Structure formats: structure tokens, C-alpha cells
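A short worksheet on the structure shown next.
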Amino acid sequence: MENPQKTNLLKKNSVTFWGALAVSAAFMGPAVSIFFNMPPAAKAAGAAFPLSFLISLIAILFIANSVIQFSKKVNGAGFAFTFASHGVGPKTGFMAGWTLLLAYAMISPITYAGFGEMLSEFLERQFDVHVSWIPFFILIAIVVSVLSMFGVNHSTITTIIFLVLELAIVLAAIVSVFIGGTEPSLAPFNPANASGGFSSVGLAMVFGILSFTGFEAAANLGEEVKDARRTVPRAIILSVIMIGIFYVLGAYVVSIFFNDPAAVANNDAPFDTIARSLWGDKFAWIITLTALNSVFANAVAGQTSVVRNIFSLGREGILPRSLGKTNSKGAPVNAIVFDLILSAVLGLGVGLWKDGWAVWGLLGSIMALGLIVVYGIVTFALPRYYLKQHRSEFSPWKHLIFPIIGMLLLLLPLYSSLYPVPDFPNNLAPYILIAWIIGGYLYLSGIKRRNPEVVDSFGSVFREDSHSGGGSLPLVGQESLK
């Protein structure tokens, strides 16, 4: 008989602070977000679109506060399931984990399809060689999955390398604008310059906030990070601030370089234009390779989080328990294979129905909506958790007021993601999410009828530190949350 202690635990102390930081930062896809989210933001807010990214940074800090405050006390492989279970209860924890399962399941096919389409277009544009995006989809899916099977340390090291490369190249482009004689100005941060008043700044914030999705990825490494109680909060806050400044600088540089919001809004690749203008056509291809690099890092970081959420739900008995097993390197190998198969079905299914960019659009919309709902649940759970479990440490600001502000700020991207109604097939996203949530409720009801003790023990496998001065306690099992 297998010893469960050797088969259902991730490898402890295998992720450093820098690894956790890189996973959170790379999950946000900083270079890709800058390249693709500037034009629609400029279309929404006009000349003041950099202000939208600055306010988005402030807004996401309020939302990140909830994840950070939980991470100081509770750490698990599936952050939403763990946090909501301890903050509200097992059923809410299930729904948070179930919703996150859908949202996270989208990231692998999104990044694989995006990588495939970008590389296919690059080869055709640069070398007049036409290759379908599908072989590249399959190739990156296999590479990322095999890399993950060697253990989280290999994944985090790869993420660090590719993240540094993408940030360095985009920062080089940003510096080139500053030293190239472009006149600096504070006009992009003046709300009076917004095309439709301050409300248009709010509309552009949708693209700013969506650029931060995935910031919480380090929380999914809670069982594997060294000194998780300190490391995870530090990794999350630093990644948000670092990438947030990166976004604001990027938006500002695009704004002052073009000096015309309409030109930005109508340019599918503003940084490509900047590179061609300042570096010449011979070196503009570097921007495309940076985008490919960013998508690959995003794929590795995203898959690292995805499989840990699947693993967590399998270990708890929500999904088949075989998914909650690890190999000799502490990697959730069954969850990795499951994610690979699921990604192929979703990505190739939607891609063959439409094309690779439809995978990016439709599944990206589902992921964004799902994460907004999950952030809302976790934010709601925070004050309840501290009042129930750590009342002496309860802070009205950190544990009540900041979460309320965070929840209110989530309403804007949620509303703007639904109205005006997106084009087909992206308009299917909210209906798919609603159907998934209803299906989850019915699935939970079935589990409770067949095996109520499983529901009562949801979230019982976790690391919690209830001693302000000590390190995380070991994993404990089967503690009832009733």
C-alpha cells in the first residue's frame, strides 16, 4: 500500500523568493500585456490612457491585499479553495476553487494558441514561410508539460530567465524613447485629457486591471515556497508594484512617442512601430521575439499554477483523487497530464472551429471573468477569516476597508467585460461561466448526498501559521471546518 505522505505532498522548500516572484510576474504576461492592451486602452480613454494604468495599479493593490493577508496565515496549492474554505466555509471554498478551476484551465490553451499564431505569423512575415499554428501549439504544450514534470524548481528557473529577457528588451525600448529626443509631458496623467471625461478613464481601466490577472500565482506555491508566510506576501506585493510600474512606464512612453491617441488606438503593434523608428527595420523583429518569449514564460508560470489547483482539488476528493498525487520529484504529474489533455481538447477544439486567435479571445474572456469572481470571493472571505480565527490581529483598514474598496473596484471590469456586449464568440464567455457555476453547485450537492464527510473536511489539508513569530506549521489533515 502506498504511503500517502509520499504521494500526495508537493516538494517543500523547493521554491525560492525569486522563483515565487517570477511566477507571479510572468503569469501577468507583462510584455504581451503592454503590446496588446495599449491600443484598446487608448481607444477608450484617449490621451489619458496612461492614467488608467496608474489607477489600475492602485486598484489592484487593494485586491492583492486580500491575497497577501491570507498568505500570512494560510498556504495551500489552490489559493482560492484554501482561503475561502477557511474564511467562509467548505461550500464557499468549493465554489471558489471550482470557479478558479475553470479560469485557470483557460491559461494553457490560451498561451499555447497565442504562441502558435505569433510564431506562424512571424515566420510568414519574416521569411515568407507558411506553417500552421497547430504544430507550434502542440510543441509548446509538450515542452511546458515535460518541463513541469521535472519539478517546480526547473519551471521557476526557466520562468526567471525568460521573464528577465522580456523585461530587459521592453525596458530597452522604453529607454530608447527617452534618449531619442521625445519631449516628456505630464499631459497623459491629466484626466482633463481623457476623450470622454473621467468615465472613459474608468473604461480603459478594464484593460489595465486585466493586465494584472494572475498576480496571485505565488499563492499557489504556498506548500513549496521556503518560509511561505513571509515569502508569498513579499513576492505578490513586489511583483504587482514592479510590473505595475512597468505598465505605467510603457503606457507613458507609447503616449508621448505617438503624441496622438488615435494613432495608438489604430496601431495593432505600437512597440513594433517604436522599434522600427528607433532601431531600424533590421532589429524590429526583436519585439516579436520578445512577445513570443513573454507568452512562453506566461505559459510556464500559468501551467505551474493550473496544475497545483487541479492537484489541490484532487487531493481533497473534489476531482478524482488520482489527480492529487505527485511523482518522486514532488511534481503533480497526473494533474500535469490532465492539463495537457484538457488544453489540447479546448485549444484545438476552439482553434479548428475558428482559429488560434479565437482561442485567445474566447478563452481569455472566460479566464478574466472567472478570476474577477474568484478575487471577489477571496476579498469577501478575508474579514470573516480574521474575525473568526485571528480576532486579536484584526485591522479595520487591512481586513475590512481595503477589501471593501477592492470589491467595489472589481465591479468596473466586471461590468465593462459584459457591456457593451462583446463580438461573437467572446460574448459566450459569461454564459459559459454561469453554466459552469450552476454545474458546480449541482456537483457539490451530489458529493454532499453521497459522501457528506468529504464536504465537511474541504480545505483540511493546508499550512497555517497561528503564531506571529513562528514559521509555518506542517501540513495537517482532516480538520473539520464545521
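These residue numbers are counts, starting from 1, taken along the chain as shown.
Placement of Cβ uses the backbone N, Cα and C atoms for every residue, glycine included.
What TrEMBL records for 32-444 is domain 'Amino acid permease/ SLC12A'. Confidence across the domain 'Amino acid permease/ SLC12A' (32-444), taken as the mean pLDDT and rounded to a whole number, stands at 91.
For the transmembrane segment (15-36), the list of distant contacts is 107, 111, 114, 152-153, 155-157, 159-160, 162-163, 166-167, 169-170, 211-218, 221, 224-226, 231-232, 234-236, 238-240, 242-243, 246-247, 250-251, 269-272, 287, 290-291, 293-295, 297-298, 300-302, 304-305: same-chain residues at least six beyond its ends, Cβ to Cβ under 8 Å. Here TrEMBL flags 15-36 (among others) as transmembrane segment.
Feature annotation from TrEMBL assigns transmembrane segment to 48-71 (among others).
Per TrEMBL, the feature transmembrane segment maps to 92-113 (among others). For the transmembrane segment (92-113), same-chain residues at least 6 beyond its ends with a Cβ under 8 Å from one of its own Cβ atoms are 27, 29, 78-86, 133, 137, 140-141, 144, 214, 295-296, 298-299, 302-303, 305-306, 309-310, 312-313, 318, 339-340, 342-344, 346-347, 350-351, 356-357, 359-360, 363-364, 366-371, 373-374, 377-378, 381, 433, 436-437, 440-441, 443-444, 455, 458-459, 481.
Summarising the annotation, TrEMBL assigns transmembrane segment to 133-152 (among others). Residues 10-11, 14-15, 19, 108, 111-113, 115-117, 119-120, 158, 221, 224, 296, 299-300, 303-304, 307, 327, 329-331, 333, 336-337, 339-340, 343-344, 347-348, 351, 355-356 of the same chain lie 6 or more positions beyond the ends of the transmembrane segment (133-152) yet place their CB under 8 Å from a CB of it.
Positions annotated as transmembrane segment by TrEMBL: 159-181 (among others). Beyond its flanks by at least six residues, the transmembrane segment (159-181) meets 18-19, 22-23, 25-26, 30-31, 34, 246, 249-250, 253, 256-257, 271, 274-275, 278-279, 286-287, 290, 293-294, 296-297, 300-301, 304 of its own chain at Cβ-Cβ distances under 8 Å.
Summarising the annotation, TrEMBL assigns transmembrane segment to 201-223 (among others). Away from its own ends, the transmembrane segment (201-223) comes close to residues 9-10, 12, 15, 19-21, 23-24, 26-30, 33-34, 37, 40-42, 44-45, 48-49, 51-53, 55-57, 59-60, 64, 67, 70-71, 74-79, 82-83, 107, 152, 191, 194, 231-232, 235-236, 239-240, 243-244, 247, 298, 301-302, 304-305, 308-309, 367-368, 371, 375, 409, 412-413, 416-417, 463, 475 of its chain (Cβ-Cβ under 8 Å, at least six residues beyond either end).
Here the transmembrane segment (235-258) has Cβ contacts under 8 Å with residues 17, 20-21, 23-25, 28, 30, 33-34, 38, 41-42, 47, 49-50, 52-54, 56-57, 60-61, 64, 67-68, 71, 167, 170-171, 173-174, 177-178, 182-185, 188-189, 208, 211-212, 215-216, 218-219, 225, 264, 267, 270-271, 273-274, 277 of the same chain, all six or more residues outside its ends. The transmembrane segment feature in TrEMBL is assigned to 235-258 (among others).
The transmembrane segment annotation in TrEMBL covers 283-311 (among others). Residues 10, 22-32, 35, 77-78, 80-81, 97, 100-101, 104-105, 107-108, 111-112, 114-115, 118-119, 122, 126, 140, 144-145, 147-148, 152, 155-156, 158-159, 162-163, 165-166, 169-170, 173, 214, 217, 220-221, 269, 271-272, 275-276, 319, 323-324, 326, 332, 335-336, 338-339 of the same chain sit 6 or more residues outside the transmembrane segment (283-311) yet have a Cβ under 8 Å from a Cβ within it.
For the transmembrane segment (332-353), same-chain residues at least 6 beyond its ends with a Cβ under 8 Å from one of its own Cβ atoms are 10, 77, 105-106, 108-110, 112-113, 133-134, 137-138, 141-142, 145, 148-149, 303, 306-308, 310-311, 314, 322-326, 359, 362-363, 425. TrEMBL lists 332-353 (among others) with the feature transmembrane segment.
Annotated transmembrane segment per TrEMBL: 359-387 (among others), in sequence order.
For the transmembrane segment (399-416), the list of distant contacts is 59, 62-63, 65-66, 69, 202-203, 205-206, 209-210, 368-369, 372-373, 375-376, 379-380, 382-383, 386-387: same-chain residues at least six beyond its ends, Cβ to Cβ under 8 Å. The transmembrane segment annotation in TrEMBL covers 399-416 (among others).
Annotated transmembrane segment per TrEMBL: 428-444 (among others), in sequence order. Here the transmembrane segment (428-444) has long-range neighbours at 91, 94-95, 98-99, 102, 362, 365-366, 368-370, 373, 417-418, 422, 455, meaning same-chain residues at least 6 beyond its ends whose C-beta is under 8 angstroms from one of its own.
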